[in-house]
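**Student:** Take this structure first; my questions come after.
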Amino acid sequence: MTIPDLTAKVVLVDIEGTTTSISFVHEVLFPYAKQNAEHYLLETWETDATKQIVQDLQLLPQFAEYASTLGTQPAVDAQLIAGFVRYLIERDLKVTPLKTLQGLIWAKGYASGQLRGHVYEDVATAFHTWREAGLRIAVYSSGSVAAQKLIFQHSIAGDLLPHLSAHFDTHVGHKQQTESYTKISQILQVEPQHVLFLTDVPLEAAAARAAGMLTILLQRPGNVPLSEEERSSYPVVEDFVALHTLKQP
């Protein structure tokens, strides 16, 4: 499908596969969280934040499933919870307490300089161009809001956080549910037809479209190839350069 002459008041961007390479998330961020989970939990075990995360992790249905694989009734300690964190990450389960913990672990990595957020080279220019045109830019990702901010604040293109006016994660709802996008429109106080959602996942695009949003699919290097049906159902771009002419209605 060709790119229409688009107008929008808000550009809502996904992160993984849209502003940031999938490989950065899966080959850098996830392994970093797996490798550093136990150390972080040991360091912060007595803090209120970690206690809450540990409690929330144990309430997940997957926890009983994981514990049953260990053979005995294990003590709930940093080693056990770190093992469960690795279990969840290996299964790519996007559950909120895991995302919260990952965000805290990554925060230490960014602060130490061990991590820098990947963004595609066209992202910073597009953000600047859209802001100059008077558009707001918001982020909706399955990663926690804290983790989102870290990627853009400590990005390889510099601090991009000032360009972003709002952040949404799974607290607002899952990304393949129409209600999530309706709620985002309400929070942004803008009609859904004035929101352009950019993502690499057709099922997310379908949910956003059902809520009344404009949608465009990204076919970045390393993304899952789009089918002919998906390409005929949605406008598709390879980068943000084609969207520099985006303007307000």
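Every residue gets a Cβ built from N, Cα and C, even glycine.
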**Student:** According to Swiss-Prot, SER141, SER142 bind substrate; which one of LYS108, LYS149, LYS175 is annotated to that same site?
**Tutor:** LYS175
**Student:** Report the candidate from ASP200, ASP239 that shares the Mg(2+) site with ASP14, GLU16, as recorded in Swiss-Prot.
**Tutor:** ASP200
**Student:** Rounded to an integer, what is the Cα-Cα distance in Å between SER142 (substrate binding site) and GLU16 (Mg(2+) binding site)?
**Tutor:** 9
**Student:** Would you list the other residues of this chain near Mg(2+) - those whose C-beta lies within 8 angstroms of the C-beta centroid of ASP14, GLU16, ASP200 - in sequence order?
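**Tutor:** Near the Mg(2+) site, beyond ASP14, GLU16, ASP200, sit ILE15, GLY17, THR18, THR19, THR20, ILE22, SER141, THR199, VAL201, GLU204, LEU218, ASN223.
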**Student:** Who sits close to SER141 (substrate binding site): which same-chain residues at least 6 apart have their Cβ under 8 Å from its Cβ?
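**Tutor:** The list for SER141 (substrate binding site) reads ASP14, ILE15, GLU16, ALA147, GLN148, PHE168, ASP169, given in order along the sequence.
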**Student:** Need one number for the substrate-binding residues SER141, SER142, LYS175: the maximum pairwise CA distance in Å, whole number please.
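**Tutor:** The two farthest binding residues have Cα atoms 8 Å apart.
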**Student:** Three-state secondary structure of LYS175 (substrate binding site) from DSSP?
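**Tutor:** Assignment for LYS175 (substrate binding site) reads coil.
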**Student:** Tell me the Cβ neighbour count for SER142 (substrate binding site), meaning other Cβ atoms within 10 Å of its Cβ, over all protein chains shown.
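**Tutor:** Other Cβ atoms within 10 Å of SER142 (substrate binding site): 19.
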